[in-house]
Structure formats: C-alpha cells, structure tokens
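Q: Under the heading transmembrane segment, TrEMBL lists 7-24, 36-58, 70-91, 160-178, 219-236, 242-261, 268-291, 311-337.
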C-alpha cells in the first residue's frame, strides 16, 4: 500500500509540474483569454468574497429562527451602509492625498537623480554613465507610468460604463449568493451521480471550510494591519498616510511577500524626506508585522490551509508569473483547493486498494 501511495503522489506531482510547464509556454497566447476571464470572473470573485465574509453571521441568525432572506437583507443593508459611510467620509481625504502625490512625482524624480549624481561625483565615478542613464530613464518612465495609471484609474472609475456596471452588479451577486446558497448547493448536489454525492459533497464542504476561514481571516487581518499602519504613519508624520496604509492593507493579502511590497512605497516617500523618517517607517512596519505574525494571524487566521511556507512561496511565484497581481492574490487559495482535491483523491485510491 505504501508503494501505491508513493506512486500516486509522484504521478500527481509530475502531472502538476507538466501542467505548470505548459502554462508557462502558452502564457503569451493566453493573455487575451486571461483578460477576458478577468473581466467576466472579477465581479463574481468579489461577490464571493463578500458572501464568505457575511455568511457566518447570516447562518447564525438563520439558526436562531429568523428567515434567511430577512437575515441576509438586514446584514447586507448594514454592511452596505457601513461601506458607504466609510467611502463618503474618507474619499475627499483620499482624493486630496492622491492629487498631492501625483504633483510630487516630478520633484521626487529630480531629487533622486540629483542624489545619484552627487553620490557618483563624490564616489569618483563609481557608477558608470550607462548605469546612470539607465536609472534616469527608468525613473522618468516610472513617473509617467504611475501618473498615467492613476489618471486612467480615476477616469475609469468615474466615467467607464463597464466599471459602473460592475459596481452595480456586485452587490446583487453577493446578495443572491448569500440568500440562495442552500438552494444552489442542493441543486448542484442533485446533478451528481447518486453513488458519488456523499463523497463529492464532503470534498466541497472541506474546500468551502478552508477557503471561508482563510478569506475571512485574511481580510480581517489586512484591515486591522492597515489601521495600525495608518495610525503609525500619522504618528511619525509621514505624508499621504491614508494612501500608503491602504497599499499596505491590500498587499497584506499576499502571504510573506505582501508586507514587504506594501512597505516599499512608504519607505520611498520617507526616503525623499529624511533618513530619520525612513527609519521610523521601517520601525512602524516592523512592529505591525510582529503583532500580525504573533497575535493577529495565529488568532484570526490560524493554520487554516495547513500549507508549508515553501509551498506558499512556490504558489506565489507561479501565480505571479501566470496571472500578475490577481495571480498573487489567488495563488494560495487555488493551491489550497488543489491540495484538498489531491488529499481526497489519494484517500479514495487508498480505500480502493485496501
């Protein structure tokens, strides 16, 4: 039985590596497909995340005897109202800081080029001209790229009918996912062969439990981390604290790499002000990450996915290469689903052999 188990693990591993290799080779041809899928699936993913976030409260109220549609309507109305209050109160400050950030980009570009020039001059031309020119071109390109991206994002949010449609449809999708989740589950189960229903239902429940705990935990941890960082940035006097804390909160969704990526913009802004502020930013992020790693994540998320850190890092590398930012965000949940499916397949074959 041990030999069969090792053989099955080896076959699953080889098949996974072969599929990943094909994806790498076909990635240039899959770009348009990925863009189409991103446009179609994104509203459903966001609605699914909202559903995962609110479903436990809805289920709790349903168990108390409240009709499910009333529980969904009450919790969802409270959620939408809270989100709108936060957006209405925070949007003017966010827009003000964003405009100031865009205005300062050219000055930062000149400041960094001057610092490189001074360093090169005092260090007796340690940096070759080719490297200096390459750095200056990169900075100019980065400045233009960031400005263009921000302008495009703000224009898209304000004027694009497609984005407006997504904003309108996502709340409806999340509402119906929560209200009709039990009916959808029963309908899908009825489509399965009778002899496979119990096994596949158990598989789906395991996936749903792992993903639900992970998504809710990661979102809650990211929100708390963002708030801690925001107040920390306010305390040390860092410019644009809301925008930079929001970047940290969003990046914190990505395990291991996220906190480092989220701290880079704040470190860059602090570096253009003073070395003391840079050190303060690093200390704030270090303290918050210590709190997150030792208090927040163990208590809120725990080890819900039971994945080794090397597996998570490998998943992030593959996801980033194949799907960019979305790939980084979805890599760990997708690998977790694959792990649960693999465990069930392995257990199924072991039962057959026994």
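Glycine is treated like the rest: Cβ placed from N, Cα and C.
TrEMBL entries are annotated by machine, without manual review.
Bear in mind that the values here come from a model prediction, so they are computed numbers and not experimental data.
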Q: Considering only Cβ pairs under 8 Å, which range in 36-58, 242-261, 311-337 makes the most contacts with the transmembrane segment (219-236)?
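A: So the stretch in question is 242-261.
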Q: By Cβ distance under 8 Å, which residues at least 6 away from the ends of the transmembrane segment (242-261) in the same chain are close to it?
A: 90, 93-94, 97-98, 101, 218-219, 221-223, 225-227, 229-230, 233, 269, 285, 289, 292, 309, 312-313, 316, 328-329, 332
